[in-house]
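Feature annotation from Swiss-Prot assigns transmembrane segment to 13-33, 50-70, 88-108, 111-131, 146-166, 175-195, 256-276, 295-315, 323-343, 358-378, 393-413, 416-436.
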Amino acid sequence: MDMNEHRNRRLKLIMISATFGGLLFGYDTGVINGALPFMARPDQLDLTPVTEGLVTSILLLGAAFGALLCGRLADRYGRRKMILNLSFLFFLASLGTALAPNVFIMAVFRFLLGLAVGGASAMVPAFLAEMAPHEKRGRMVTQNELMIVGGQFLAYVFNAILGVTMANTGHVWRYMLVICAVPAIMLFASMLKVPESPRWLISKGKNSEALRVLKQIREDKRAEAECREIQEAVEKDTALEKASLKDFSTPWLRRLLWIGIGVAIVNQITGVNSIMYYGTQILKESGFGTKAALIANIGNGLISVIAVIFGIWLVGKVRRRPILLIGLAGTTTALLLIAIFSIVLDGSMALPYVVLSLTVLFLAFMQGCVGPVTWLVIAEIFPQRLRGLGSGISVFFLWILNFVIGFAFPILLSSVGLSFTFFIFVALGVLAIGFVYKFMPETKGRTLEELEEHFRSRHDHNTPEQSVIEV
């Protein structure tokens, strides 16, 4: 085996190991979709629309704080160490949810599981962005998105198998939830073989160790040049005080933070997680039975996987901004059609199949365009010293909005119906398109250090009135 092949295999091992965090993220957020109908039974947890929303969304609230907390801790203790600790939390919380005797205990462990999900959502993309060469960064970071939707797909498949074969077993939802403990063990075992981020090592003065890591995944001369480039960027940062919220009072950093938060919000106001968490209920609302809805929901998971594979190829070829704009136009149109047909075909036998087809179309645009670019841009735009904090804050807002949507959706669905609920998401989708067109910068084709220098120097030389669209 020649050295280049060895380095590529090493880089692939790093990517696969870290993205088990994405798989856990996906399974834990997707499994509730099929578990809820069984969990809600009177002889189980006896859930109401409000407690359904609570059990679903408390994980998302935990994820918001997990992203914020883990971002700071990772800047202090390292990306790899945080991911290892998160694997233990995934394992513990998975067992807790599977064994929960009542709604209160379930909510506690779902919150703890959320801390792990949120931490992984912030840490894994940042870790991959720091390990990847710039020409592979887009594909490597979006592999995490593939693992997220792969985890959701596996959750839907296991839900359907268990839900159909054990439909008369009330506690079948416990088997659905405990499966998540397996990838948690795999994440821990695989991350033991992965090195720390060289950018984090240099930020802590461990330059020789960072160079050794870079030489494992880069050609020697390139590793040395990249090491010097990172050191120069870190030296500029160390002239400043320790990373804190005060840093974002600097105009160019404040602008990047608002862009990061904005892109995170854009991801959620598409309404994607109303479908990912409540797809089974949406299909039941449109006319499917419980078993048919569980099986049909596999289609949503499968198209998500196919779309992300396409998205990984796309981000390697096309700029970030047009991908995101096209994706948002597609998701907004699909939701508009669901809302319209829910009125026009109300009571028709065709409605459930039309809704299923349109949710598949929605997810094709969402997972192929919107999702990959969202996580990639959040991982790219912040400078090294503030990457953990900036990513953590951005992802915090993503999860807070996710929590609001996850909690409110079943209540909206039961009170105002499917069509009006989706009309709300259509209006928000139009606002999202406007934000991306006006404010989101282009980040493709530059190293993380080049992006940092570009954003910094652009603010120094440009007038405040100039739009970020020019970046």
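Just so it is clear, glycine is given a Cβ too, placed from its N, Cα and C backbone atoms.
Most Cβ pairs under 8 Å with the transmembrane segment (393-413) belong to 111-131, among the candidate stretches 88-108, 111-131, 146-166, 295-315, 323-343.
Sequence-distant contacts of the transmembrane segment (256-276), counting only residues of its own chain at least 6 positions beyond either end whose CB sits under 8 Å from a CB of the stretch, comprise 29-30, 33, 60, 152, 248, 282, 300, 324, 328, 331-332, 335, 359, 362-363, 366, 370-371, 374, 377-378, 381-382, 390-391, 393-395, 397-398, 401-402, 405-406, 409, 421-422, 425, 428-429, 431-432, 435-436, 439-441, 455, 468. In this chain, the transmembrane segment (146-166) lies out of contact with the transmembrane segment (323-343); the count of Cβ pairs under 8 Å, excluding pairs fewer than 6 apart in sequence, is fewer than 3. Contact count against the transmembrane segment (50-70) (Cβ pairs under 8 Å) is highest for 111-131, out of 13-33, 111-131, 146-166.
Counting Cβ pairs closer than 8 Å and at least 6 residues apart in sequence, the transmembrane segment (358-378) and the transmembrane segment (111-131) reach three or more and so form a contact.
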